[in-house]
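This report refers to the structure that appears directly beneath it.
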Amino acid sequence: MADLLGSILNSMEKPPTVGDQESRRKAREQAARIKKMEEEDKRKKAEFRKKMEKEVSDFIQDSSQQKRKYNPMGKIERSILHDVAEVAGLTSFSFGEDEESRYVMLFKKEFAPSDEELEAYRKGEEWDPQLAEQRRRLKEQAALEEAESSQSKKIKTCPNSNYKDKYSHLIGTSAAKDAAHILEANRTYGCVPVANKRDTRSIEEAMNEIRAKKRQKREDDTGAHSSSS
């Protein structure tokens, strides 16, 4: 019986000491402070969201404004503002190099920013539409001049040679005209005509053949004239 009573007494929870009571009190106070802080944080977020909803609504109704830039704010505030803007049907972006300088810009859908405008904000620059237009025109002009220069170089590397003038002092005007007709360039295939891709003769060989035909013709004409005499 004594052993049974001792076992029951040992299994019972011992009364807390003074130290245990103090620790539990501090734990309860800390839990209460955390809960109060969480409730305060939740209240501030709700107030901030309500404030942003009011400002976004005013921005949408103001036809004179196309975009709105906010002062730098924390990550949580930026997240709330982005969410409010999305619900309202606006486009929003965050800019800034570091966390302390990051800010939000809102844009109405019909005035969505171009890639050039976004790039300017990312670089920390102010967007100037007139300056951007000047840069665009200069870029187009530079591209046009480069294309013209490239076309001019291409023409120079493929000259339109006049074989009639080049070889007329060697084989005569008539023969040179025949050679020029044979070797006339076809622009569709560069400086070599389609027919010449199958003709393996060189220019000199072609001219020699023409000269030989001319000599043979003159000899035949001379022989015929002698016979008739």
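Glycine is no exception: its Cβ is also placed from the backbone N, Cα and C atoms.
Copied over from TrEMBL, here are the features:
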COMPBIAS  21-46  compositional bias 'Basic and acidic residues'
COMPBIAS  207-223  compositional bias 'Basic and acidic residues'
DOMAIN    46-109  domain 'R3H'
REGION    1-46  region 'Disordered'
REGION    55-74  region 'Disordered'
REGION    134-159  region 'Disordered'
REGION    207-229  region 'Disordered'
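Residues 81, 84-85, 88, 90, 96, 100-108, 111, 113 of the same chain lie 6 or more positions beyond the ends of the region 'Disordered' (55-74) yet place their CB under 8 Å from a CB of it. A mean pLDDT of 94 is what the model gives for the domain 'R3H' (46-109).
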